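Read the structure below first, then the notes.
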Amino acid sequence: MPVKMELNAGAKNSHKPVKIYTRDVEQTALSQLKNLSQLPFIHSHIAAMPDVHAGIGATVGSVIPTKAAIIPAAVGVDIGCGMVAAKLTIKASQLPDNLRRIRDEIERAVPVGARAHKMISARTSACRFLEPGIQRLFEKHPTLLKMLKQPQQTWVKQLGTLGSGNHFIELCFDESDDVWLMLHSGSRGIGNAIGRYFIQLAKKDLQRNWQNIPDRDLAYFTEGSQHFDDYWEAVAWAQEYARINREEMFNLVLRAIRPLLPDFTLESKAINCHHNYVSLEQHYGEQVYVTRKGAIRAGNGDLGIIPGSMGARSYIVRGKGQEESFCSCAHGAGRQMSRTEARRRFKREDLLAQTQGVECRKDKGVLDEIPGAYKDIDVVMENQSDLVEVLYTLKQVLCIKG
């Protein structure tokens, strides 16, 4: 479907248009989008995806193109958060009826929540490529190093771990009963520290330079300013850490489930895509920084992953390269209520009913991730039919939440 709403259309002031691919937008998110549109370096317009909802400063589900500037809080603290998925060469009928043992083996192989790997030596090989970049960052910004009580524990031992919140590992079936492995995670504690550190620096710069913006959470760095290059280097490092983190976990899961299943391989290379990140791209004739905060790149032919909530459908898609969306699409269903509201509104009985048929946690600790807390993924997909083509529709049968 095309754009459903447009803010600031034909405005005579300097505010840029906001093109929204849904009519289902809460007032807080609309206010945040209007605030973003007032920033002087927005390029052409802002695009809000069908899963858009309020975030911190910037809305989740927004695509923000900027000229010669980046907003650290728009990228957020889970830098490089994203998805990886691949089809396995086995059928649904080849999985055991009871998936609990598979779930147990995955949870043994991949630390979830606040847990990390116990041995640094087990992560050394994967970390070798990343070490020079983080050491350079620590040397330039010793305050960042002080934020991490145990730096090695944080970034080395957490590589190949899931984290918490809405991060997950799933086994799914597609329409042909082929089995897929899919997982969702980001840059863990080190990405969070980098995000928080540079967001605070941007706010200090804002105060020092008397920048006049509608929300302090939209504090930014401009090209040539004191901290821009350091942030650009740090965010690129964290995005790469997140990508490798997903690869490491994916391989750990494959190793854990192989003894429990018939021989299998991957049918094709895994899809690995960020949905919280910034990149330098060409749009409307200019090179700009594109921040996708809860959105994935959907350039012509790009493969992407759009997960629904625990118990709903997920989608493997191919981008159509629609320029008005800055070649982007939604990153998932999007929350329709806060975690606090979900815990207040739903009971464990609701969780049991909404996750029937899925091998997963069913305790109060994951009530905030209940499917009812999220928007209808089918409506989200209908609203972005102009942006992506659906290749596979997946239904999860096993879900491990952080």
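Yeah, the Cβs are placed from backbone N, Cα and C, and that goes for glycine too.
TrEMBL does not curate its annotations; it predicts them automatically.
Per TrEMBL, the features are:
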BINDING   ASP78, HIS167  Mn(2+) 1 binding site
BINDING   166-170, 275-276, 307-310, SER314, 331-334, LYS401  GMP binding site
BINDING   HIS184, HIS275  Mn(2+) 2 binding site
ACT_SITE  HIS331  active site, GMP-histidine intermediate
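Within the same chain, residues at least 6 positions away in sequence whose Cβ sits under 8 Å from that of HIS184 (Mn(2+) 2 binding site) are CYS81, GLY82, MET83, ASN166, HIS167, PHE168, ILE169, PRO307. The binding-site residues recorded for this entry are HIS275, ASN276, SER309, GLY334, and the Cα of ASN276 lies nearest to that of ASP78 (Mn(2+) 1 binding site). Its Cβ taken as reference, SER309 (GMP binding site) is surrounded by 27 other Cβ atoms within 10 Å in the chains shown. In the three-state DSSP classification, GLY334 (GMP binding site) falls within coil. Less than 8 angstroms from the CB of HIS331 (GMP binding site) sit MET49, ASP51, GLY61, HIS275, ARG292, GLY294, ALA295, ILE296, ILE306, each of them six or more residues away in the same chain.
Most Cβ neighbours within 10 Å among the binding-site residues ASN166, ASN276: this distinction goes to ASN276.
Within the set of binding-site residues (HIS275, GLY334), the lowest number of other Cβ atoms found within 10 Å of a Cβ is recorded at GLY334. The 10 Å shell around the Cβ of ASP78 (Mn(2+) 1 binding site) contains 23 further Cβ atoms across the protein chains shown. DSSP assigns ILE169 (GMP binding site) to a strand in the three-state reduction.
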